[in-house]
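Trainee: The feature signal peptide is assigned by TrEMBL to 1-19. The transmembrane segment feature in TrEMBL is assigned to 106-128, 158-177, 189-211, 223-243, 263-285, 297-318, 330-350, 371-391, 403-422.
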Amino acid sequence: MKRLHSLIGLGFLTSTAKGFVIQENKVVRTKEELSAFTTSTTSSQFPYKEDTLDARAYTVPSQRTTASNAWDSFVLPVLGASFLITGNTVGAGCLVMPELTAEPGLVASTGIFAAAYIVNLVSGLLLAQVAIHQRETSAEDVPASFQEFAEANLKNPLAANGIAAISIFVNGLIQSFDISRAGVLGVDYFGVPAGTASCLWATLAAVVVGTQSTKNVSQVSSICVTLLFVTFAAIVIPGMAAVSDPMETLTASTTSPDNVMGAAMEAAPVILIAMIYQNIVPTVVKLLDYDRAKVTAALITGSFIPLVMYLCWCYTSLGGGIQGDLAELLLSAFSVFAIAGSTLGTSLSLSEEIKNFVPGKRKDNSSDGESNNMIAAGLSLGVPLSAALAFSSGSGFTEALNLAGSFGSPLLYGIIPVAMVWKQQQDQASDSSANKIPSMVPNASLPVLGSLSVGFVVEELFQRFNEMATLV
């Protein structure tokens with residue numbers, strides 16, 4: 001990817017094949033004219049070497065030119081990366097959000113969504129900081145695999161394999177949820193038994209992922225995500241206007257006031273996992289050429305859009321805004337595209353991690369256009385399918401997302417980023433010649449994120465032990 005440079009101030013001369021850019025028809029042709037132009041401009045604003053001037057025309061970019069370059073070099077790349085993050089975040093979990101937020105109500109649920117957004121943003125910025133520092137110190141691109149990324153920074157193969165196992169655990173649970181939701185769609189729209197529909201869906205996805213290159217699968221997934229956004233807009237925009245009682249929709253809850261907090265905490269793990277995108281942070285950092293300002297803007301924007309989408313979706317659904325044959329048809333299409341995009345994307349992630357443990361083709365083969373490892377593709381869908389058939393009982397298997405959000409997400413995207421940043425800081429402290437690592441988040445965020453992650457896992461463990469004790 002070509003490195004993009006933005007113009008700073010009015011000082012840089014922009015070279016073209018025909019000379020230099022003309023500033024609103026004002027051309028500077030001689031040293032004397034250039035000197036006269038720069039009498040009111042400091043050397044830091046207008047750097048040039050006297051001996052490089054010749055008879056060609058020289059001009060300074062106009063504000064219009066500078067704005068155009070800023071748009072091309074900053075805004076467009078940031079928007080592209082933001083949409084990549086949004087597409088990776090919004091998936092099949094959106095289908096269960098209205099049911100999940102109905103009990104605590106939208107007000108309490110909005111607080112949980114906002115907290116999940118902040119926690120994931122801090123986690124994403126920490127991972128971006130690690131990736132950028134790795135690039136600056138090694139001059140090598142960061143790996144796309146989260147396991148390789150962690151191994152390169154923690155410098156501990158055993159820890160890296162443990163991280164890969166946690167990643168497989170999290171993505172496997174998400175895949176189980178996707179497959180079980182496909183079974184529900186089979187029952188609702190085609191009259192096919194849930195187990196049969198789930199098997200057909202998983203088999204089709206395994207064939208696609210196992211026989212096609214990563215690039216082709218990613219393109220299909222991107223098409224699904226694009227159609228998901230189109231159908232989402234077609235449902236939500238008129239649906240929000242059709243909500244009859246907005247205030248009642250915002251304040252209503254299906255539980256007693258004393259149980260609102262408890263209901264919100266039960267929804268928190270699913271909301272947390274639904275807002276996850278950190279697995280693609282290394283990719284986003286590479287796409288934005290390791291530019292801290294661009295990466296920060298992309299993470300803030302790209303993770304905020306799903307927050308708004310989820311809340312609008314819940315508001316529209318709970319407010320009764322999805323009515324009529326056309327809305328039902330669009331809802332069916334939205335569900336299919338959400339599950340398809342999530343299934344393919346999760347399958348690719350699982351396949352990449354499974355290849356670390358399964359003999360077969362090298363991981364980087366698929367990027368060269370060759371098909372993915374069929375064994376890895378089969379495992380990435382076969383094991384989650386078995387779990388979906390065994391535990392979903394024909395329902396949506398929301399418990400899979402609950403488990404992933406309760407244990408996998410805090411470990412993988414809470415504790416691990418903190419550990420990687422801490423390791424880099426320790427390496428820097430032991431090397432007096434090393435440059436200081438510019439922090440993309442306040443230093444206090446490290447202990448806060450680490451403590452919250454550990455506390456969240458302990459709380460979930462304590463709650464589940466209590467539930468098990470009551471059953472005995």
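Just so it is clear, glycine is given a Cβ too, placed from its N, Cα and C backbone atoms.
Keep in mind that this is a model prediction, so the values were computed, not measured.
Let's see these features in context: how buried, what's close, how far.
Mentor: Tertiary proximity for the transmembrane segment (106-128) is limited to same-chain residues at least six positions away from its ends with a CB under 8 Å from its CB atoms, namely 100, 249-253, 260-261, 263-264, 267-268, 271-272, 274-278, 281-282, 284-285, 292, 295-296, 299-300, 303-304, 307, 310-311, 314-315, 318, 413-414, 417-418, 420-421, 440-441, 445-446, 449, 452.
Long-range contacts of the transmembrane segment (158-177) within the same chain, counting only residues at least 6 positions beyond its ends with a Cβ under 8 Å from a Cβ of the stretch, are 91-93, 146-148, 150-151, 273, 279, 342-343, 346-347, 349-350, 353-354, 356-357, 380-381, 383-385, 387-388, 391-392, 396-398, 400-401, 403-404, 408-409, 411-412, 416.
Proximity of distant same-chain residues to the transmembrane segment (189-211), defined by a Cβ-Cβ separation under 8 Å and at least 6 residues beyond the stretch ends, is recorded for 179-180, 182-183, 217, 220, 332, 339, 343-344, 347-348, 351, 371-374, 376-378, 380-382, 384-385, 388-389, 392, 394.
Only residues 6 or more beyond the boundaries of the transmembrane segment (263-285), in the same chain, are considered here, and those with a CB under 8 A from a CB of the stretch are 81, 84-85, 88-89, 91, 93-94, 96-97, 100-101, 103-104, 108-109, 111-113, 115-117, 119-120, 123-124, 127-128, 131-132, 135, 142-144, 146, 149, 167, 170, 174, 253, 255, 295, 298-299, 302-303, 306-307, 310, 349, 398, 401-406, 408-410, 412-413, 417, 460.
Remote same-chain residues near the transmembrane segment (403-422) are listed as 119-120, 123, 126-127, 129-130, 146, 150, 153-154, 163, 166-167, 169-170, 173-174, 268-274, 276, 278, 446, 449-450, 452-454, 456-457, 460 (criterion: CB distance under 8 Å, separation of at least six residues from the stretch ends).
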Trainee: Mind checking which residues reach the transmembrane segment (297-318)? Cβ under 8 Å, same chain, six or more beyond either end.
Mentor: 74, 77-79, 81-86, 89-90, 94, 97-98, 101-102, 106, 109-110, 113-114, 117, 120-121, 124-125, 128, 232, 235-236, 239-240, 243, 249-250, 252, 271, 274-275, 277, 281, 284, 288
Trainee: Where else in the chain does the transmembrane segment (330-350) make close Cβ contacts, counting only residues six or more beyond its ends and a cut-off under 8 Å?
Mentor: 87-88, 90-95, 167-168, 171-172, 174-175, 178-179, 181-182, 185, 189, 201, 205-206, 208-209, 214, 217-218, 220-221, 224-225, 227-228, 231-232, 234-235, 279, 322, 372, 376-377, 379-381
